[in-house]
Amino acid sequence: MASESDTEEFYDAPEDVHLGTGYPVGSPGKVGLLSFKEAENTANQAGNESPVQELRQDVSKKIIESIIEESQKVLQLEDDSLDSKGKGLSDEATAGPSVAGTEFSNIPGLLAIEHELQQDSEKAESQNVAEESELETQKCFPSDETCEKSEKTVDETDNLTEVSSGEQLDASGLEAETLNKEALEVKEGDVLDPASLDTLSTTDFAAVEEVAPAKPPRHLTPEPDIVASTKKPVPARPPPPTNFPPPRPPPPSRPAPPPRKKKSELEFEALKTPDLDVPKENITSDSLLTTNMASENTVRDSLPSLDLASATSGDKIVTAQENGKAPDVQTVAGEVMGPQRPRSNSGRELTDEEILASVMIKNLDTGEEIPLSLAEEKLPTGINPLTLHIMRRTKEYVSNDATQSDDEEKLQSQQTDTDGGRLKQKTTQLKKFLGKSVKRAKHLAEEYGERAINKVKSVRDEVFHTDQDDPSSSDDEGMPYTRPVKFKAAHGFKGPYDFDQIKVVQDLSGEHMGAVWTMKFSHCGRLLASAGQDNIVRIWALKNAFDYFNNMRMKYNTEGRVSPSPSQESLSSSKSDTDMGVCSGTDEDPDDKNAPFRQRPFCKYKGHTADLLDLSWSKNYFLLSSSMDKTVRLWHISRRECLCCFQHIDFVTAIAFHPRDDRYFLSGSLDGKLRLWNIPDKKVALWNEVDGQTKLITAANFCQNGKYAVIGTYDGRCIFYDTEHLKYHTQIHVRSTRGRNKVGRKITGIEPLPGENKILVTSNDSRIRLYDLRDLSLSMKYKGYVNSSSQIKASFSHDFTYLVSGSEDKYVYIWSTYHDLSKFTSVRRDRNDFWEGIKAHNAVVTSAIFAPNPSLMLSLDVQSEKLEGIDKYEDAEVLDSTSTGIVKTDNTEVLLSADFTGAIKVFINKRKTVS
């Protein structure tokens, strides 16, 4: 068992090594005289007078002679008394001042003197600590022969005593210091010479107790042992038994901590302005994404991609386990069992009405508090369930007044009708009633002919206040029974216009039951995915590409063939009515020659249990869908079942495939965590958490070709992370400098602008902003549309010339990405108020996108000539050939929009050529 002195020895070892080299190795006589002078000085300070001093002077020479004689006798002793030597060695470890010689009659006197000196040293420790240390140090070196014998004796008995490791007399200072500390552990009255004690037998100790010679005078030494002098004498430990194991070595020294950075360096790093334009050499090649991927992205084969084998292997349901750590039991129980229903004080479960009535929502404008059960009637029209859920979480009330302008110019009035507000209020109910009548009349139009059509038009014009002389409100010849497009432009925008001749070529209404929250085109532009409130993902295929995708589906989905070990959810999904799109293209209405899509979905994917919020396509036709059921599901166009389900802790608001490696995808959730998933490994590769008071991720995407991951938050922040390690890089606070919107509002969409290091950010302050990532500056602000509470997001056209967005005022808004200075004499280069509006819906336009390849959606006559070889394609890479480059098709744009009722409209616009 280690004592206090052993613990101190470990920490003091470095000092002993340093001090041990300074001991002088002199002659035995010189060392002895110095020790006696030290004893004399100490005795004089303690008050010991002349009787003791005379006795010391008479005995000093005898002690020196006895030491020399004893050293000669040591060599002749036999090893017949090992036990007595072991005991003597244990006592030697606790010995005090040296006493040697064969005249044992003087030893009792010396013991008495040393006892007084020990008491005096405790009273005046600060005066004689140096003297005692030198005396104890020199006692270990009485003569050369004695030292050699002492070392030999220690080596023989090191397995019998705990202190044997400290008795090996070495010239180095470490062994000397160890011996000095052990020598301080003295039993009171036991003062034995460590050098001569090795030669004493058991019968010698009785004689030692009878003799008490006077202690010779000591001399001061100029080099005291400072470390040993600081040790106070403690009671000696009893000798260990014979079979006691050797002592354990001291523990290794602790490693030094890394050097801390200076305060000035930390302040300098904090003041550095982050820049997103980091050279590619900074990315290591042994990490998740290598640098050479960016240089080889033109070669499709060199890029890693996701295949069906890796997507279907492993678990079908993956939980959000960050870095291999399983979530806690409460989290797993919450995901499996769902949230627990609140209970009353008596233990009864509350009903839905009671729960809604217990939640209060405050109107920040009026200060009025209303229960959530009544708030739905007073909420803005077209509010989506995600916004309603966030309002419950944040206890906020979204006001229509939040769309007011924060700039010097006021927003143009959102009233699109020419009559006053009173007249509009009176005709609101009439619109709803006559809207149904218009639909009935359209179905009867074929029977009653042109007269019925004219009557329907007159009723429609009366309800919607359209001008019959307006060319934009007239029906198109090739599109019978399609409601025309109403066009408008900004007040100060006098033309020429680019979208005043836009036409509706197809109406895909009737499939979605409820609002359509998101729409996404595949990279090739031949498939459209739409999803929303009815929990179903629908895939729409172009007419001229239907045969190709149908053959692909039939190839992988023969009779009874599905993915290996499908989950229960995928089994129910595989039973969905995906075979409804197997019918050939001849079943389509022959009158809809200008319609680019088949009127019925190519397939439907069922499996989600709540509203779908976002979609994402990969280059090889994998599709991700995120939902308010806290899951992300993976699909493939050739399969009918769900390939994998990635579970989250909260609503998944945004997802995005990695643009260069579709084995990974990004997901943002309302739990405040950004996750980078590895699809083949079925786990979370990297993750990070948003800091701040409001940890709600509402948008997410990649920028700079996957170099950075960027997310949008509920409080108006765009936070950038490097994709390689998903570490924080920088952030932008999306807000106005003054006015109502100086506080950041919810980010609803983030779109990169390739080739220019810019991103397009949509927010709930009815603004769209274009930021330059090189210096995080605002390049352009677009306004004119209304987006106060919806998840509406803006997107670019196929050639990035225009951007489009839906709006809560039932219009589709289009802006030029940059100002055409030939149209304007004086205009702010960082403001774009010159929008063009299109109205073709009767409800909030929740989504609006441009087609990535408009050349595929021209009339069937032209397409049959350009794409007659589509059935000869062997793989999907050929279909993607046109998506790699920008196709300029004689100023033609294809636009799609969806609304709150589930209607989907397809527009084609042919711009006027300026000669």
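Here the Cβ of each residue, glycine as well, is placed from N, Cα and C on the backbone.
For the residues Ser90, Ser121, Ser567, Ser736, the entry in Swiss-Prot flags phosphoserine at a single position: Ser567. From Ser253, Ser474, the position flagged in Swiss-Prot as phosphoserine is Ser474. Range 114-139 is the one annotated as coiled coil, of 114-139, 322-347 (source: Swiss-Prot). The repeat 'WD 4' (692-731) makes no contact with the repeat 'WD 1' (511-550): fewer than 3 of their CB pairs lie within 8 A, with pairs spaced 6 or more apart in sequence. Per-class residue totals from DSSP over the repeat 'WD 5' (742-781), listed helix then strand then coil: 1 helix, 24 strand, 15 coil. Beyond the repeat 'WD 5' (742-781), the same-chain residues lying 6 or more positions past its ends with a Cβ under 8 Å from any Cβ of the stretch are 274-277, 390, 398, 402-403, 406, 411, 698-705, 710-718, 730, 732-736, 787-796, 800, 803, 805, 815, 817-818, 829-832. Per-residue confidence over the motif 'FFAT-like motif' (9-15) averages 39 (mean pLDDT, predicted model).
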